[in-house]
Amino acid sequence: MDAFFASVELLRYPQLKGLPVVIGGGRRRVDDMIRERYADRPLAQIPPDAFPLLKDYVGRGVITTATYPARQFGVGSAMGMMKAAKLCPQAIVLPVDFDEVRRFSRTFKSVIREIAPLVEDRGIDEVYIDFTDVPGGQREGGRVLARLIQKSIFEATGLTCSIGVAPNKLIAKMASEFEKPNGISVVHEQDVQTRIWPLPVRKINGIGPKSEAKLHRLHLHTIGDIAAQTPEWLVDNFGQSYGRWMHDAAWGRDDRPVVTESEPVSMSRETTFERDLHAVRDRAELGAIFTDLCTRVAGDLRRKGYVGRTIGIKLRYEDFRTATRDVTLEEYTDEAATIRRAAGQCLKRVDLGPRLRLLGVRVGKLARADAIPAQPEAAPAAAEPTPDLFHGLGSASGTG
DNA sequence: TCTGGGGTCCTAGGACCC
DNA sequence: TCTGGGGTCCTAGGACCC
């Protein structure tokens with residue numbers, strides 16, 4: 001989907017079309033505040049100059065999506081709000097409306113599934129579709145079917161998308177970016193040398209910032225540069241598995257199937273604080289946040305019908321270092337109190353000296369709740385009073 | 001005034017078992 | 001005096017993706 005989060009907001013506020021708009025950042029429900037002020041008017045008639053601007057933004061968020069006019073200023077996804085504010089202070093900022101975005105996500109995916117049933121979920125705004133056995137799926141190299149999907153999504157949602165059609169997922173993903181926004185690109189196997197090799201290495205889905213930097217150090221900049229290396233050389237420099245994969249990817253080889261069903265591996269909740277917190281000095285605040293995270297993970301598990309056996313925590317320190325600890329329990333759980341107890345034990349094994357900017361709670365080793373035989377009732381809670389989390393951990397603060 | 005939140009997968013060492 | 005081999009599970013960290 002093209003600029004998905006931003007496009008969803010533009011459906012609600014069409015008067016912002018053509019303006020630089022960024023989505024992201026805040027817990028501040030700025031749009032609610034504006035809507036209150038103009039409660040007598042339809043949303044589409046709130047004047048654009050009533051919306052909050054990036055230059056007035058305060059907080060530690062990042063940008064989730066920028067509209068194309070905003071991108072012209074160099075603003076993009078994952079960029080810190082403060083940095084973006086320097087590049088485009090006049091951009092309008094809106095918070096993410098997850099419920100609304102999820103609603104549109106479900107809609108566009110179901111539109112696709114009605115046309116082509118083999119669909120692999122790749123997050124909220126992206127899918128892989130298997131055209132192979134769809135009637136007419138091969139006409140004009142798949143372009144006809146791609147057009148039908150595009151048109152159907154637009155009619156159902158008013159949103160545009162970009163589609164890449166290719167012999168495999170790897171090339172299709174790259175092709176989908178060729179004609180953004182609202183474009184279709186068909187890439188055949190024999191087009192790899194002319195259309196894929198000139199691209200920067202980072203365009204391969206699976207080569208991120210670290211591998212890009214290493215490739216640059218080795219004087220490899222384009223996908224063609226990688227393709228020109230022997231598999232042995234790539235294995236020597238990147239390891240058996242990643243080296244081989246990189247060679248195949250550069251040659252456009254990918255035999256991964258379109259996977260239509262999968263089970264979740266873990267569920268987690270995490271939060272970055274508005275200011276860095278200290279385990280001792282901000283004990284009460286941290287304790288409340290910690291309990292809340294455990295409660296929310298437990299709620300997620302229950303709502304989706306899963307139980308888990310590995311409980312973990314994640315800390316991010318003020319210097320952005322990350323620490324994780326986890327523990328695997330004898331029995332599966334979806335109970336907030338059990339999760340909190342185990343996570344509290346994990347907390348005792350980590351350095352709580354430096355200030356923290358993020359705290360997270362994760363439950364892994366998931367199984368469907370209905371696939372796990374009922375377990376004997378745990379010992380009554382009275383046997384072990386609920387620990388005051390972050391209490392007693394002050395003694396560890398000296399280790400910083 | 002840097003740097004969200006929710007995920008998956010991989011690697012590597014150690015414990016433990018046969 | 002020298003020190004198997006294969007396998008699984010657990011834990012911590014990190015790369016990467018949307």
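Keep in mind that glycine also has a Cβ here, set from the backbone N, Cα and C atoms.
The average pLDDT the prediction assigns to the domain 'UmuC' (A:1-208) is 95. Look at TrEMBL and you will find A:1-208 tagged as domain 'UmuC'.
The site 'Substrate discrimination' feature in TrEMBL is assigned to A:Phe5. A 10 Å cutoff on Cβ-Cβ distances gives A:Phe5 (site 'Substrate discrimination') a total of 27 other Cβ atoms nearby, all chains included.
A:Asp125 (Mg(2+) binding site) falls outside any helix or strand according to DSSP and counts as coil. Around A:Asp125 (Mg(2+) binding site), taking its Cβ as the centre, 20 other Cβ atoms fall within 10 Å, counting all chains. Residues or ranges marked as Mg(2+) binding site in TrEMBL: A:Asp125.
Feature annotation from TrEMBL assigns active site to A:Glu126. When other Cβ atoms within 10 Å of the Cβ of A:Glu126 (active site) are tallied across all protein chains shown, the result is 15.
Here TrEMBL flags A:377-400 as region 'Disordered'.
The compositional bias 'Low complexity' annotation in TrEMBL covers A:377-387.
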Integer Cα-Cα distance in angstrom, A:Asp125 (Mg(2+) binding site) to A:Phe5 (site 'Substrate discrimination'): 9
